[in-house]
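Copied over from TrEMBL:
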DOMAIN    6-271  domain 'Pyruvate carboxyltransferase'
BINDING   Asp15, His206, His208, Asn242  Mn(2+) binding site
REGION    395-555  region 'Regulatory domain'
Amino acid sequence: MTSDYVRIFDTTLRDGEQSPGCTMHLHEKLEVAKQLARMGVDIIEAGFPAASPGDWEAVNQIAKSVGTADGPVICGLARAVKSDIEACATAIAPAAKKRIHTFLSSSDIHIEYQLRSTREEVLTKTREMVRLASSLCADVEFSPMDATRSDIEFMYQMLAIAIEEGATTLNIPDTVGYSTPEEYAALLRGIIENVPGAADVIISTHCHDDLGLAVANSLAGVRAGARQIECTINGIGERAGNASLEEVVMALETRKQFYGLSTNIDTTQLTPSSRLLSACTNTQVPPNKAVVGANAFAHESGIHQDGVLKHRMTYEIMSAESVGQDGNALVLGKHSGRHAFRHRVQELGYSFDEATINHLFARFKDVADRKKYVDDRDVEALITDEAGRPSPVYELEHVQFASGVNAIPTATVRMRGPNGEVKIESAQGTGPVDAVYSAINKVVLTPVTLLEFAVNAITEGIDAVGEVSVKVVEGKHKHVRGVLTDKAADAKVWRGNGVNVDIIVAAAEAYVGALNKLLKARQERLKQETTARMEVASAAPGVDLFGGSTLGRYE
Ligand SMILES: CC(=O)SCCNC(=O)CCNC(=O)[C@H](O)C(C)(C)COP(=O)(O)OP(=O)(O)OC[C@H]1O[C@@H](n2cnc3c(N)ncnc32)[C@H](O)[C@@H]1OP(=O)(O)O
Ligand SMILES: CC(C)C(=O)C(=O)O
């Protein structure tokens, strides 16, 4: 039975629940079933009623509350066993549209070892049990379990019997995920061509992912004429799982011209469904999971980000919004480029000239080299740090330090001074920060008092960016917990901030920042004093113009 419509048969609540650790409580199964209905699946396989009273109850509740006339078909699974089929029939009874799905192995390995039976007995059982199911429900699906490892002629016989006894859907399971797309397509074509009546029933795919081919096999199946795909949210299921619903649906949707097929799925419900299931089963969706993974629409590398900023479709084949994700994301990291960085800075509400962007970008790369994720707070921290920084008197070009248990904390700094001169100094200290500050003091030669030193982690995690803020005053003074106690109590306090993944480097940057502000202010003061003296000198020749303190004295 071919048309251009593919039924989506969701088995999250049956095969999906067979995933180790994915068992759900009744209320969770109900919630998931409601979401599946909202999303527009055609059939919900709600469980295996004979498995336990709890599963019977879950199937029955779903049949009652989700199996409405305009809702999905509610299906239950049953072995080719009378009591299983009867339990299934009673469980699904309240649904407006219902289906019994019964199965029996067709492969010799299953028949001989698992069923401890014979081909003849299996054919008889198929006839009796499909007949029973059909007597209880008009809509019957039959699966020859382990179809892809079965003798093909024998399976044809089994399927023909199932059709004769009323099966309306033939599901062809690749139970152990053994098939390849070409083989699976050939298998389905063979069934449609060779099994009497097969062209008049719905052929269905049910593929497992043991070789990572479940989605590819399912798609090959619909190319070969299948019009039902059995699949699960997030691809959960026995062992490596089933074909993932979101992947098959989006493959059909995105490649509509190629497949020429449609489904009833509201694709914007894919991510909400994935998240609901994830919460109910307490399992994380891998970030790189197609369609619903956190990284499915995240671009980290500069070339891709630049492309996406210029035109989304350069690197996206579907939109994040079309599958219910919040939107795409340009994730800043060490592979990012200037375009993405500038874009993020603008998104954060800042605008800078090209030179500043380039400077910020260089600092960002430095952070990104040492940090796995650079988030908005990191970028904001860099911007704030940059904005509060006057053009430096001293530039900290290099800082290195050594510290440890029973080690003498030692630091070396290389700094460029106001006239472009480079100075290198080393010092020891009580700890690495003290050693770095002592080395900086040896370069700057400006007596100061450190009033406050505070460390703050701006972002979380072991690779977080740290911020150090310091307060200094000019000269050597006494203070108690940052409050000056001597005659300089009203001295101007200079603040500095440093932001870096390395807290010692952040401390060095903060200190140099505060010193620069102090020295800059003094330069300004001196300039004003000089201008005033010049004016006096031109009015009274012979006066000593530079009798007071000078910046040069400290250098
Ligand atoms: C590929 C699939 O996903 S198939 C579905 C798998 N899902 C499940 O098994 C979940 C629900 N299952 C259960 O709760 C239990 O297995 C039950 C209630 C169905 C059966 O439990 P038990 O009676 O204790 O049997 P157990 O599970 O140990 O063994 C399975 C029996 O079913 C038989 N069996 C397996 N498949 C079928 C079948 N399609 N039709 C008839 N009998 C079958 C086995 O041969 C075995 O029979 P045996 O006891 O005569 O040796
Ligand atoms: C019951 C059948 C359809 C099954 O789950 C399988 O064979 O994998």
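Positions of Cβ are set from backbone N, Cα and C atoms, glycine also.
All features noted in TrEMBL, drawn onto the structure.
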{"residue": "Asp15", "record": "Mn(2+) binding site", "Cβ within 10 Å": "23"}
{"residue": "His206", "record": "Mn(2+) binding site", "Cβ within 10 Å": "30"}
{"residue": "His208", "record": "Mn(2+) binding site", "Cβ within 10 Å": "25"}
{"residue": "Asn242", "record": "Mn(2+) binding site", "Cβ within 10 Å": "35"}
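Confidence across the domain 'Pyruvate carboxyltransferase' (6-271), taken as the mean pLDDT and rounded to a whole number, stands at 98.
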